[in-house]
Amino acid sequence: MTEKLEGSTLPSNHQQISRRHASTSPWRWIATLTSFAFLVWVNWQHLTPYTSQHPHPPPSTLSSAPDVCQQPAPWNPPQHLTLPVRDAKYMAKVLSGAVQVDTTVLDDWGVLSANSSDAIKKLYDDAFLPFEAYLKTAFPLVHEHLKKEVVDSHGLIYTWQGSDESLKPLILMAHQDVVPVEPSTADSWKHAPFSGFIDEENNVVWGRGSSDDKSGLIGVLTALESLLSLKDGAFVPRRTIVASFGFDEESAGSAADALAAFLVERYGKGGAELILDEGAQIIAKDTPVGEGGLGITFAPPATAEKGYMDVRVIVNTPGGHSSLPPPRTGIGYLSRLVAAIEDNPPLPTLDSVDHPALATLLCLRHSPAIKKRRKLSKALAKLTSPKLCPRKAKTVFKEVLAALSPDEQAVFRTTQAVDLISGGVKINALPERSVATINFRVDVNTPSDDLRASLGQLVEKESKKLGLEYKGWKLPNDQMVDPRGKHEKDKKKPYVGSVHLELTYAPLEAAPRTPVSGEDANAWRLLSSVIRATWKDTDGSDIPVVPSMMNGNTDTKSYWDLSRNIFRFSGGTVLSNPATPDSGIHTVNENVQIEGLVNGHDFYRNLIVAVQGE
């Protein structure tokens, strides 16, 4: 049993807690979420602990950076409640069973809807009906006592109704689907990808989805099962608990839209107190610098996400027989355009202290890895000076950027990656349509319209150099462009072709930032206190919690209307992984540490109890 600590009062009234798929260096933890990206966002000048208005033990302070990140005291459970525990064997067994059910979803399945063909519906049914049946067997109390609802065929919502309907619910998210296993890599797995092999020597569970994201889903359900198992109904929630599990996060993400719409209909806009989904994990102090370590252990829940935009660059040129080619084919022109785009990436910008990336550095500026970098450390120190005026701050912002490598600067700018390219259909026929698709992760301070404008200007400029007619952005209802045209100034000189830009779908703007300071940040402080109660460093000391940002997107992109308090955090462990240097998310040898599974159970359990405000 867990130790019973002195109780404390946490915010309980919904009025007291206010309201989308990334280098080596100490920043790798920022650039990837296990390997996604994390970066802190915090208004460091106003980060405050609980006040007397919210009774709570006095806050402890991160001694290495008292001027930046004050830390709430670890949460104390209510004295009357003995918290249930789960051992490593149980957690490993339950997750292993979940991994053994293959819930792979492929991109070419498309969005599941009422209009989907019977063949597509069967693909989804074959993947998720067995998983749903497994959950019913593995968690009998959850299925006996909680209200289960199925949304959009396979989306799952479990509701533990609270006794006080005036309190906004806690929503715990996860996704059931997993990315496919590349057939050519099957022999590279140490254990079969859907074996759910329990490795007692290394204390890990192997298999696709073990880390992303069945460990999170199992963590939520085991916590609910444990609290339901308490004798004589020892725990009865005042605040409603909702578990919401999508099934296509790794592909279309439409299930999250349906689930969120369902919940908005039930609870209204702004109707959730706190939303928690997968995200950043604990960064252990012994993590190598090249793998994201900073020499200290810390927890970086993500409170912001970059925007997302996919753009096609389409070059149309006359066809013909390849035995009589022009000096440059459509693929050649496209290559020149791609090179120009890559040679002119969006520049990093830093013009205020509220950029999500900056406060990561400020909160962790006294870590061993950052202290060794004198220019960076010195610039950050200047930013903490109360005498810093706006004019001088602009100079210091430039110093911070100058102290970062190009890879590190990526967190302060929009990133771009040319991921797809195609052109031509036959070896002896000139390509008539050549296409490159670029993925943009849009900086939190850059509206997508601004990015479209700057990209259009660049492509227009390069098109003129190449003799291509630039036709701007093509919307879905536009007619196909004619590759044969005339120069505006010389009607006798034909264009060699045309180029236009096309959005694959509507851009996703950067996520609204979760409050982490001031009167609206009670949810952040509560979450931080629960994290600090759940995880201790290897020497038993408390660990700092810092807000962070993700370059990738999660299902929370669909939940913005439900709450301002959206967090992305997957827990983990302070122990290094003896089996692999990383968890193998989206690649071979995916695994999760069993210690992390136990911690995950405890974390969700603690959070469910803590939000009751007892």
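Quick reminder: no glycine exception, Cβ is built from N, Cα and C everywhere.
Please treat TrEMBL annotations as automatic predictions, because they have not gone through curation.
What TrEMBL says about this one:
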| type | residues | note |
| --- | --- | --- |
| ACT_SITE | D177 | active site |
| ACT_SITE | E249 | active site, proton acceptor |
| BINDING | H175, D212, D277 | Zn(2+) 2 binding site |
| BINDING | D212, E250, H586 | Zn(2+) 1 binding site |
| DOMAIN | 303-464 | domain 'Peptidase M20 dimerisation' |
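Overlay of TrEMBL annotations on the structure.
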residue	record	CB count, 10 Å
H175	Zn(2+) 2 binding site	28
D177	active site	25
D212	Zn(2+) 2 binding site	27
E249	active site, proton acceptor	30
E250	Zn(2+) 1 binding site	22
D277	Zn(2+) 2 binding site	26
H586	Zn(2+) 1 binding site	17
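Inclusion criterion for the recorded positions H175, D177, D212, E249, D277: a C-alpha placed within 10 angstroms of the C-alpha of H586 (Zn(2+) 1 binding site); this criterion is met by D212. Considering only the recorded positions E249, E250, D277, the residues lying within 10 A of the residue listed as 'active site' on a C-alpha to C-alpha basis are E249, E250.
Rounded to a whole value, the Cα-Cα separation of D277 (Zn(2+) 2 binding site) and E249 (active site, proton acceptor) is 12 Å. Taking the Cα atom of each, D212 (Zn(2+) 2 binding site) and E249 (active site, proton acceptor) are about 10 angstrom apart. When pLDDT is averaged over the domain 'Peptidase M20 dimerisation' (303-464), the result is 93. Annotated Zn(2+) 2 site H175, D212, D277; additional same-chain residues within 8 Å of its Cβ mean position, judged by their own Cβ, are M173, A174, D213, G216, L217, G246, E249, E278, T554, D555.
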